[in-house]
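Swiss-Prot has this to say about the protein:
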- Gly10, Gly11, Gly12, His13, Ala14, Gly15, Ile122, Ser177, Gln366: FAD binding site (BINDING)
- 269-283: NAD(+) binding site (BINDING)
Amino acid sequence: MQTWDVIVIGGGHAGCDAAAASARLGARTLLLTHKLETIGEMSCNPAIGGLGKGHLVREIDALDGVMGRVADASGIQFRLLNRSKGPAVRGPRTQSDRALYRTAMQSELSGQANLEIRAAAIEDLMFEGERCVGAMDADGHAYHAVAVVLTTGTFLRGLIHKGAERIPAGRAGEAPSIGLSDTLYGLNLQMGRLKTGTPARLLKSTIDWDSLEQQAADDVPVPFSFMTDRIEVHQISCAVTRTTEATHKIIADNLGQSAVYSGAIAGRGPRYCPSIEDKVVRFADRSQHQIFLEPEGLDDDTVYPNGISTSLPDDVQQAFLETIPGLEQVVVKRYGYAIEYDYVDPRELDATLQLRKRAGLWLAGQINGTTGYEEAAAQGLVAGANAALFATGREPFVLSRSDAYIGVMIDDLITRGVSEPYRMFTSRAEYRLSLRADNADQRLTPKAMELGLASRGRGAVFCRKMEELSEARSLASNLSLTPNEARDKGLSVNADGKRRAVTELLAYPDVGWDRLVGIWPELGRVSPSVSEQIEIDALYAGYIDRQQADILAFRRDEAVRLPRDLDYSGIGGLSNEAREKLERARPETLGQAARIEGVTPGALTAVLAHVKRRTQGAS
């Protein structure tokens with residue numbers, strides 16, 4: 001009987017990074033998916049990154065994950081969002097060529113040592129007592145493993161809705177997974193239904209591009225991967241159009257035919273990616289909504305109209321599309337739809353994304369109530385890495401809220417749960433000045449190297465960068481000016497008699513590296529990427545120093561571990577609400593307990609006192 005260390009079920013974004021992470025750690029890994037040709041498929045929007053999401057991709061890359069490199073190899077319109085704002089909230093994004101992305105992902109995985117890939121429709125999981133030990137396909141073939149990672153996307157009892165149509169499917173043209181859903185319900189897990197949607201796909205040649213506003217790519221593309229020197233894929237523009245009052249009238253007149261508004265869908269959709277029906281109802285005072293017309297590839301005649309996902313019938317979709325400027329003669333290649341699917345309440349998971357009730361089983365991606373490729377891949381990496389560590393007898397790998405956006409997301413999921421699909425924003429991170437996209441490698445690559453998660457090539461590139469950064473910082477710290485000298489050079493600083501080094505001068509808003517090169521030509525030898533890093537560090541230095549005190553306090557609370565078998569019913573001073581929520585979430589640390597809604601400071605004090613008494617009694 002062949003037994004793998006880790007089996008990953010599902011070849012979407014979570015599954016790809018899960019399988020790659022497991023294999024990089026040396027675990028014998030098997031990736032099982034319905035169809036080999038759909039590995040890395042971009043089921044919805046052909047884009048990677050954005051606000052908050054771009055940070056996740058940088059962090060995935062810093063841990064030597066695959067999404068960033070694949071996005072760089074397939075990106076056809078790179079744009080840095082929030083460029084006019086501070087570096088902490090800037091978000092790298094690209095539209096991808098859908099076919100190039102899929103091909104690049106499959107190439108990455110096929111070249112990964114320790115990874116085998118097979119086509120199989122998995123319908124059941126296998127258990128020995130309370131531990132998951134493998135999976136079984138629809139033909140009854142068993143696959144045995146020490147650890148299993150489940151990344152099912154929207155396939156768990158997936159149901160497509162379009163007007164009055166109901167089509168069982170995981171996505172258009174692919175069968176749902178019924179058996180796996182039944183298995184999970186049989187484990188007595190808290191589960192529910194969520195929904196997401198996608199717009200129609202349009203024929204490129206039938207759009208009046210000349211009449212529309214064009215949005216070009218950035219002149220200098222900003223890659224996702226710290227391993228990418230330059231973007232070599234041809235860059236294109238997309239177009240911008242808007243709905244009209246006529247569009248809104250057609251939609252409003254046909255709301256009863258929308259699956260979302262007819263009551264056919266029970267699951268909640270993503271708040272920050274609403275359907276066009278939702279937009280018309282919720283923002284009734286607005287006469288138009290923006291639509292980005294995004295080509296799906298360099299050699300693809302398909303266009304993705306970003307901003308008008310819908311579950312209206314085909315004829316209504318056609319009618320409202322023809323009222324949109326530039327789309328008056330449009331031909332639809334495939335109409336939009338909503339899809340409803342099962343998910344597991346993520347409070348059933350621990351910080352490694354392993355089920356609390358069943359050892360050896362990890363969940364990642366939309367099955368945990370998230371939305372988005374980036375959120376899925378980040379969870380996949382953490383789940384895959386921890387499954388491999390578990391299978392090979394090593395300590396788990398956990399990222400905290402002060403380490404990474406990945407840590408913020410996982411902590412949000414396992415302590416607060418979800419009532420709607422969760423997506424990442426920079427505003428979710430209380431330490432976002434420290435958790436920037438530009439320093440993701442400095443925060444996380446050393447952890448990946450220590451763990452064995454990073455390749456030798458990644459480690460070598462990182463070490464060279466850090467050497468160059470150290471030399472540049474040393475140079476910058478040894479060059480300084482007095483206020484009088486600064487004034488003579490045209491720099492306006494406080495007249496306090498204090499000498500200021502380059503790093504201190506850079507903290508002034510009107511002082512940049514290029515300006516200082518005019519004073520000290522030797523600074524011109526520093527590479528642009530390193531000088532930019534020093535500028536950003538200087539800009540945030542004062543704020544980060546203050547934030548470090550908050551991080552230290554946070555880590556003190558995170559260091560207080562709460563026993564897994566803690567009986568909250570036996571702790572005096574807890575309200576019924578606090579007791580119920582603590583029992584439900586089973587927080588692993590005092591810090592996690594503090595982030596549960598309804599758990600007051602008084603409740604935390606009572607829990608801490610109880611744990612201390614229990615610890616003292618045991619000793």
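Heads up, residue numbers simply count up from 1 along the chain you see.
Just so it is clear, glycine is given a Cβ too, placed from its N, Cα and C backbone atoms.
On the structure: features taken from Swiss-Prot.
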{"residue": "Gly10", "record": "FAD binding site", "contacts (Cβ under 8 Å, 6+ apart)": "Leu32, Thr33, Leu150, Thr151, Thr152, Gly153, Phe155, Gly365"}
{"residue": "Gly12", "record": "FAD binding site", "contacts (Cβ under 8 Å, 6+ apart)": "Gly40, Glu41, Ser43, Thr151, Gly153, Gly365, Ala376"}
{"residue": "Ala14", "record": "FAD binding site", "contacts (Cβ under 8 Å, 6+ apart)": "Thr151, Gly153, Ala364, Gly365, Gln366, Ala376, Ala377, Gln379, Gly380, Ala383"}
{"residue": "Ile122", "record": "FAD binding site", "contacts (Cβ under 8 Å, 6+ apart)": "Ile9, Leu32, Ala135, Met136, Asp137, Ala138, Tyr143, Ser177, Gly179, Leu180"}
{"residue": "Arg271", "record": "NAD(+) binding site", "contacts (Cβ under 8 Å, 6+ apart)": "Glu420, Pro421"}
{"residue": "Cys273", "record": "NAD(+) binding site", "contacts (Cβ under 8 Å, 6+ apart)": "Thr196, Gly197, Ser309, Thr371, Arg423"}
{"residue": "Ser275", "record": "NAD(+) binding site", "contacts (Cβ under 8 Å, 6+ apart)": "Gly197, Ser258, Val260, Gly269, Ser309, Thr310, Ser311, Ala338"}
{"residue": "Val281", "record": "NAD(+) binding site", "contacts (Cβ under 8 Å, 6+ apart)": "Ala252, Leu255, Tyr261"}
{"residue": "Phe283", "record": "NAD(+) binding site", "contacts (Cβ under 8 Å, 6+ apart)": "His289"}
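For the binding site of FAD, formed by Gly10, Gly11, Gly12, His13, Ala14, Gly15, Ile122, Ser177, Gln366 according to the record, the largest Cα to Cα distance is 18 Å, rounded to a whole number. Remark: of the binding-site residues Gly269, Glu277, Lys279, Gln366, the most isolated position is Lys279 (fewest other Cβ atoms within 10 Å of its Cβ). In the three-state DSSP classification, Lys279 (NAD(+) binding site) falls within a helix.
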